[in-house]
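What TrEMBL says about this protein:
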TRANSMEM  A:49-68  transmembrane segment
TRANSMEM  A:80-98  transmembrane segment
TRANSMEM  A:105-122  transmembrane segment
TRANSMEM  A:128-148  transmembrane segment
TRANSMEM  A:160-178  transmembrane segment
TRANSMEM  A:190-212  transmembrane segment
2 protein chains.
Amino acid sequence: MMESASHEKVGLLASWWVRLTAMPNMIACKVSEIAKNTKKLGQDDPRRVFHSLKVGFALTLVSLFYYYQPLYDNFGVSAMWAVMTVVVVFEFSVGATLGKGLNRALATLLAGALGIGAHHLASLSGQIGEPIVIGFFVFLQAATSTFIRFFPQIKARYDYGLLIFILTFSLISVSGLRDDEILELAHKRLATIFIGGSACVIISIVVCPVWAGEDLHNLIAANIENLGSFLEGFGDEYFKMLEDAESKDDKAFLQAYKSALNSKSSEESLANFARWEPGHGRFHFCHPWKQYLKVATLTRQCAYRIEALHSRLTAENKVSPEILNIIQESCTKLSLETGKALKELAAAFKEMTKSPSPETHMAKAKAAAKSLRSLLKSGLWEDTELLEVMPAATVGSLLLDAVNCSEKIIESVNELAFLANFKTVEATVSLEKSQSGKLDTKEKNPNTDVVVTIAEAPSVLPENAKKVGSQRVEV
Amino acid sequence: MMESASHEKVGLLASWWVRLTAMPNMIACKVSEIAKNTKKLGQDDPRRVFHSLKVGFALTLVSLFYYYQPLYDNFGVSAMWAVMTVVVVFEFSVGATLGKGLNRALATLLAGALGIGAHHLASLSGQIGEPIVIGFFVFLQAATSTFIRFFPQIKARYDYGLLIFILTFSLISVSGLRDDEILELAHKRLATIFIGGSACVIISIVVCPVWAGEDLHNLIAANIENLGSFLEGFGDEYFKMLEDAESKDDKAFLQAYKSALNSKSSEESLANFARWEPGHGRFHFCHPWKQYLKVATLTRQCAYRIEALHSRLTAENKVSPEILNIIQESCTKLSLETGKALKELAAAFKEMTKSPSPETHMAKAKAAAKSLRSLLKSGLWEDTELLEVMPAATVGSLLLDAVNCSEKIIESVNELAFLANFKTVEATVSLEKSQSGKLDTKEKNPNTDVVVTIAEAPSVLPENAKKVGSQRVEV
């Protein structure tokens, strides 16, 4: 018994010793990992670094209130509220900062007025009644406001305002019991909040502004582009034409669409922020942000179809080569043209222009769909087992679904282009072609061409956009 | 010109008058709508009403600090921080409240200590150097902390703590320039924050607690159940067997699965809150919340497949009745049994028990899949066009996909059951049957039975669970 206990002790000590000696290595490892992550975080979006510096700057600026004697004499301890406002209100995007600032200012104003009123009413009810009345008011407004915060529409835009409303009302009506200079207090608090809030808003607009509206615009463009990249490459990938040229790294375009699956909440919050933003650059004050959410919803629905297509890539593939050969051309063409249409749509959308080329590509995609349908109708299949054809048929059917979804996306983007007055470019040449229904047949091996494009610049839209532009001239 | 202008004026006046007379009606309409929405909001989740009352109660309680002379003499204006803490920290769930409270308390403690240190260091550098050093410190910590808030892991759990850290450090180090009683201030602030925070935590745990962990548990169970309901009803719906008995209202079960598509962000935040919660009821402190997220991810992937299936319901259906008749039985059986498996899984999961019946149903589903495959292999198809078979083949293929996904869900739930020590119930009878491979054929018209269940209680899990239980006895 004793021996085993001492053995255990030795074992425990030894394991501790091992851990202790491994510690410096572990710490060094951890530190280098954190350093790497930090660098990546900054490189992924350098605006993060600027934002941090902006917050530091605004806070140091507002701290002057505390420091300079004349300013301090004016505001006293209330200057604290300016610091607090900067810390709480300064958000990453202009829209979020403006929304919080306005919420805070208006809620403070309203709650201050009501708080003073409540305090006045309570003071009428005598020494004993006063705290009871005040307590009742505080309870009533806190419970009501908290319940109002559950309304989804209010939560989306005015949640912070209601929080500040509860806070200010409670503080003012309660502190009224102690402080007869309640009006002066309210005035000072409002003034300092105004100073802090405007410091935030001005700095966030003037120094490297981050516009939520622009982020939303780019996010949706990127999502549509990712769907396009997937479809553009899917045909080749599924029919394994690229087996010799492919490598694992180039397949990022097959995963990129996944970001569209779960972007709903960020899109909605960006749209909410964007509605607070003043007109900037190519975005007006009443930009149709709601239409953006419609486009986003359709994009997500298309992404669900593509998720089903993606699962086909990993499914066990028992289709015989002969069957694949029959449908390969039309399926690849269908997928490629739909992908091109979405990518051109994304490029034009990103530049806020109306382009007819997505429709040109959609026309080609529809022609491919037609030839796929007639292939499936033909008698080529009589000798084959249905089970063997099924995977290919499923892919064809899902692709046809994806074409439908893509058409809906294009429609909703066109509607958005109309609502937001996108500019029209290079309409004449391509439109004529698409309307005459003649499809281009001169393209030399379009598949390889596209693959090269993807391998060169899988996710850099401007470069693709340039290529799309040059292609358009060729067409 | 003049005439048209006066016409315009009259028209404008008239339209204003119309609007003005319509106003009372509009207001009455709006008010009744708001009242309806409010009632619905409260009825959907009565815990919202309780939460509002709890916040009001906590706030009134803490206001006593301001009111009672002896307490006020102790804390003075610092008592304000207690009110502020209650307003800001009191969240809907216990986990969120605890997380915010701990974040606030620890951040205040840490930032207070560092702030005092910074103030001391600055005071060593003389009258002129002091504000510069302080300003430098404030800038440095604000910029650094703001950047740290961008790390996703830190944002998820410690975002609020970092905000309070910036706030407290700035306030203490800056106010140090004015106030020599800085230690007393820090002590008072900590004490009042502690009082406010513990009031929140105690009230949120003692009075009708809302556990984020339980919400997460129920959310995932409901999502799995909704997938099950869809699959259970899909077969009949697709093959239009129910045309005579159906009505629009009963089809809620075909839409319910959509909630699983976009629940990722709420699941993640619930899991984050749940990790702050102490053990309660059937949940221990170290409950495997991460495994919940894995189950949720698989559920969502299954929901994507089901979205593709759902689109088949609305797609143009040009399949000839003969073709449908051939595959109908096995497809319906496949879908029904997978649906039953998921619903039983959800019921057992909700009750935190291990049940073998999902596996029994999965065995039946697999048998149906096998018969579907052999049907597709058979020579029944030789006279038909592939285009006609394609929709049916796609549905079959997607159903087979859904079976695979469901199996993965069952596996991950079993893993969770192992990690969280779920209890085993009624293992013997059903297990034997599933292992012997004999499939039950005595069921009297299972389809109608299930449809009645759905029509009666489309989303109330406990009732379904009871029914599932009684069915199990029959089997």
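Just so you know, glycine gets a Cβ as well, placed from its N, Cα and C.
Ranked by Cβ pairs under 8 Å to the transmembrane segment (A:80-98), the stretches A:105-122, A:160-178, A:190-212 are led by A:190-212. Among residues of the same chain six or more beyond the transmembrane segment (A:49-68), those with a C-beta under 8 A of the stretch's C-beta atoms are 42, 75, 79-80, 82-83, 85-87, 90, 92, 192, 195-196, 199-200, 203-204, 207-208, 210. Here the transmembrane segment (A:105-122) has long-range neighbours at 129-131, 133-134, 137, 141, 160-173, 176-177, 182-183, 186, 189-190, 193-194, 197, meaning same-chain residues at least 6 beyond its ends whose C-beta is under 8 angstroms from one of its own. Within the same chain, residues 47, 50-51, 54, 57-58, 61-62, 65, 75, 78-86, 89-98, 101, 104-105, 108-109, 112, 270, 273-274, 277, 280-281, 283 sit at least 6 positions outside the transmembrane segment (A:190-212) and bring their C-beta atoms closer than 8 Å to a C-beta of that stretch.
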